[in-house]
Amino acid sequence: MGTGWAHIGTSITASFLASLVECVEALTVVLAVGSVRGWRSALIGSASAIAVLLLIIAALGTALTHIPLPVLQLTVGTLLLLFGLRWLRKAILRAAGLIPLHDEAAAFSKNTKAMRQHGNLPAAWDKIAFAAAFNITMLEGTEVVFIVIAIGAGRAGTLLPASLGAVAALLVVITLGLILHRPLARVPENTLKFIVGVLLSAFGTFWVGEGLDLHWPAADWSILALIAAYLLLALVTVPLCRNRSQTVPSIP
């Protein structure tokens, strides 16, 4: 089956938005590290992590070509569905007010304070700054790699669009970080996670169906119907969770 525009478009969108969320979170920590410990070691640490992640993508992309397509679709579909539902669950609970929203400004302040507690700066090479920037970039980047591979592995021609979406998100965040020199606190992170959760869940469901040899009524366009179904379900769930939290009595 060929790769339709519906599939390519949703691949780019899902990859871009998911990568945007992860890159914004990584940027917050890298900015905190750089502003306190110095930019040289922080940027080298972050760049080193990106290089490692690119090698991982290249290695996994080659290895996946040797796996039978139905097995690959079923495997990545299941993982993508679980991953998407986890994002969607958190976004729903935050939208309902059951768990607090992620605050990039507060995270920046917390990480800045933590960096200052490490004492005086070394004359040249700062292992603490390198390690902190490397670790956060690897942590957030690993999720990006998983999403890109999972979205792009199910069919020939989708890995490149998914990769381009991730690269575009990275370039946007780097550009804004260089211009603003502060955390992107105004990015509606929970809204993005809500949308990404819907998209990943829809993709996962589609790939599971493909792996089970299910013939979708409208081929690739069925992805749009799955997106609409998950979105409607999520939007209905938010007020239900909010109302339930208000009616359940607290335990003294």
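Placement of Cβ uses the backbone N, Cα and C atoms for every residue, glycine included.
The transmembrane segment feature in TrEMBL is assigned to 12-34 (among others).
The transmembrane segment feature in TrEMBL is assigned to 41-61 (among others).
Remote same-chain residues near the transmembrane segment (67-88) are listed as 146-147, 149-151, 153-155, 193-194, 196-213, 230, 234 (criterion: CB distance under 8 Å, separation of at least six residues from the stretch ends). Residues or ranges marked as transmembrane segment in TrEMBL: 67-88 (among others).
Residues annotated as transmembrane segment in TrEMBL: 128-153 (among others).
Look at TrEMBL and you will find 159-180 (among others) tagged as transmembrane segment.
Among the features that TrEMBL reports, transmembrane segment is placed at 192-209 (among others). Residues 10-11, 13-14, 17-18, 20-21, 73-74, 76-92, 94-95, 147, 150-151, 154, 216, 222-223, 226-227, 229-231, 234 of the same chain lie 6+ residues outside the transmembrane segment (192-209) yet bring a C-beta within less than 8 angstroms of a C-beta in it.
If you look up TrEMBL, you'll see 221-241 (among others) marked as transmembrane segment.
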Between the transmembrane segment (221-241) and the transmembrane segment (159-180), are there three or more CB pairs that fall under 8 A, provided the residues in each pair are separated by 6 or more in sequence? no
Stretch with greatest number of CB pairs under 8 Å, the transmembrane segment (12-34) reference, 41-61, 128-153, 221-241 candidates: 128-153
Long-range neighbours of the transmembrane segment (41-61), counting only residues six or more past its ends (CB under 8 A): 26, 30, 33-34, 125-127, 129-138, 141-142, 144-145, 148-149, 159, 163, 170
